[in-house]
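J.: Can you read through this structure? Questions will come right after.
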Amino acid sequence: MSSGGLLLLLGLLTLWAELTPVSSKDHPEFCELPADSGPCRGILHAFYYHPVHRTCLGFIYGGCYGNANNFKTIDECKRTCAA
């Protein structure tokens, strides 16, 4: 491969690395999901990871369905998503 081709390849790889979200490298994809209380009407205090603020926040979980970005404790949320 010519030096021009190698430079082009290096440039494309650098661009790809810059455009790849850092969050996908640091924690599971479900940490990017929004808080989802679910359709049930329970009042359970839970925590979810907020990817923009890069921290765990509290929310009210209804008790069913929702998504995987749902933790019983803030420590569990931090260990899973904010590490």
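Using N, Cα and C of the backbone, Cβ positions are placed for all residues, glycine too.
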J.: Taking Swiss-Prot as the reference, C56 is linked by a disulphide to which residue in C40, C64, C77?
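T.: So the cysteine paired with C56 in Swiss-Prot is C77.
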J.: In Swiss-Prot, C64 is paired in a disulfide bond with which of C31, C40?
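T.: That would be C40, the partner Swiss-Prot lists for C64.
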J.: Among all the protein chains here, how many other CB atoms are within 10 A of the CB of C77 (disulfide bond)?
T.: 23
J.: To the nearest whole angstrom, state the Cα distance for the pair C81 (disulfide bond) and C56 (disulfide bond).
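T.: Distance (Cα to Cα, whole Å): 8 Å.
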J.: Of the disulfide-bonded residues C31, C40, C64, which sits closest to C77 (disulfide bond) by Cα distance?
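T.: It is C31, whose Cα lies nearest.
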